[in-house]
Amino acid sequence: MTNLRKTHPLMKIISQSFIDLPAPSNISAWWNFGSLLGICLIIQIVTGLFLAMHYTSDTSTAFSSVAHICRDVNHGWLIRNIHANGASMFFMCLFLHVGRGVYYGSYLFKETWNIGVILLLTVMATAFVGYVLPWGQMSFWGATVITNLLSAIPYIGTTLVEWIWGGFSVDKATLTRFFAFHFILPFIIMALVMVHLLFLHETGSNNPSGINSNADKIPFHPYYTIKDILGLILMTTVLLTLAMFSPDLLGDPDNFTPANPLNTPPHIKPEWYFLFAYAILRSIPNKLGGVLALLTSILVLLIIPLLHTSTQRGLMFRPISQTLFWILTANLLTLTWIGGQPVEEPFIIIGQLASILYFTLIIILLPLAGVFENRMLEPKFP
């Protein structure tokens, strides 16, 4: 009798992707984040679905419907806290996943990398529209400030903003359409994830050494299924600890106040995972320039494969590039800190210097380091 797992049209696809998939024998814990992101996505879709059953996307009832979920719905407080903090875990895993890709040269799988960047942008869009839904002060003003940035586009800007708003300000129409976007985007993300995996399985996984591992492959199950389960346990422990003990740790206190168009909060700032981009946006005094810098800060990831100058794939054996990579990491943490600070000295100048350093490291210094390291490795005969 033939094995159903290997012959059934649907089960065969699952088997080839998660059971019999040949994987490098030496991939480290940095390769766990892909599966963790998949789990995060499932958690967010499931909790989001239950929240959508009780939420109302109308300006007069949105805030109180969220309060109703937390007070009156069975375990509603838990579902909401898991969903809100699940977004933070999602971005934490995303940043580590992208960082791994940059460090180990995984971006040389160009199709997988480009789909990944599109996924990052889509997840950011989903998180942004989702943050507007509770209709608190920071939800309302965050939506107003960020959508207003589109007015910097020459000629069509103002029309575009009013078209997105569905009126002359952020109001009922905006909230309703943002709820629709927030509902549909995770399913688009799911489809993109499948394409991401499709391209990855065309080439097979990269590994820490950066060299071809075809000669030494092991089956995904049981080796990496067990390893992924360990990652899952650790992540869910952190998530549940956060959701149960300090669910509001990463949120903004202003969002406990219902949206009021007549009262501006003292400091308008997004959630922690957008602060680095927000700092880059604010570091340029010109509106259009800031918007372009904001976009470029993410889209620069698309040109990283073109900036690869080294003869080696990853940074495993390249100490100069490694140093620059960790400076870039520290720089991103600095930008995250600056994004949460008020617009005053010395934060303005620190933000501007960190923004310049961010682009300089990626576009100039890392490619130059690659060339320099190549020269150092050239054999020198007497």
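Residue numbers in this text run from 1 along the chain shown.
Cβ coordinates come from backbone N, Cα and C, glycine included.
These come from Swiss-Prot:
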BINDING   His83, His182  heme b b562 binding site
BINDING   His97, His196  heme b b566 binding site
BINDING   His201  ubiquinone binding site
TRANSMEM  33-53  transmembrane segment
TRANSMEM  77-98  transmembrane segment
TRANSMEM  113-133  transmembrane segment
TRANSMEM  178-198  transmembrane segment
TRANSMEM  226-246  transmembrane segment
TRANSMEM  288-308  transmembrane segment
TRANSMEM  320-340  transmembrane segment
TRANSMEM  347-367  transmembrane segment
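Shown on the structure are the features that Swiss-Prot records.
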{"residue": "His83", "record": "heme b b562 binding site", "DSSP (3 states)": "helix"}
{"residue": "His97", "record": "heme b b566 binding site", "DSSP (3 states)": "helix"}
{"residue": "His182", "record": "heme b b562 binding site", "DSSP (3 states)": "helix"}
{"residue": "His196", "record": "heme b b566 binding site", "DSSP (3 states)": "helix"}
{"residue": "His201", "record": "ubiquinone binding site", "DSSP (3 states)": "helix"}
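Touching of the transmembrane segment (288-308) and the transmembrane segment (113-133) is concluded from the presence of at least three CB pairs under 8 A, sequence neighbours closer than 6 excluded.
Nearest in space to His97 (heme b b566 binding site), taking C-alpha to C-alpha distance over the binding-site residues His83, His182, His201, is His201.
Candidate binding-site residues: His83, His97, His196, His201. Fewest other C-beta atoms within 10 angstroms, His201. Counting Cβ pairs closer than 8 Å and at least 6 residues apart in sequence, the transmembrane segment (226-246) and the transmembrane segment (113-133) reach fewer than three and form no contact. His182 (heme b b562 binding site) has a Cβ environment of 22 other Cβ atoms inside 10 Å.
Where the transmembrane segment (77-98) meets the stretches 33-53, 113-133, 178-198, 347-367, the count of C-beta pairs under 8 angstroms peaks at 33-53.
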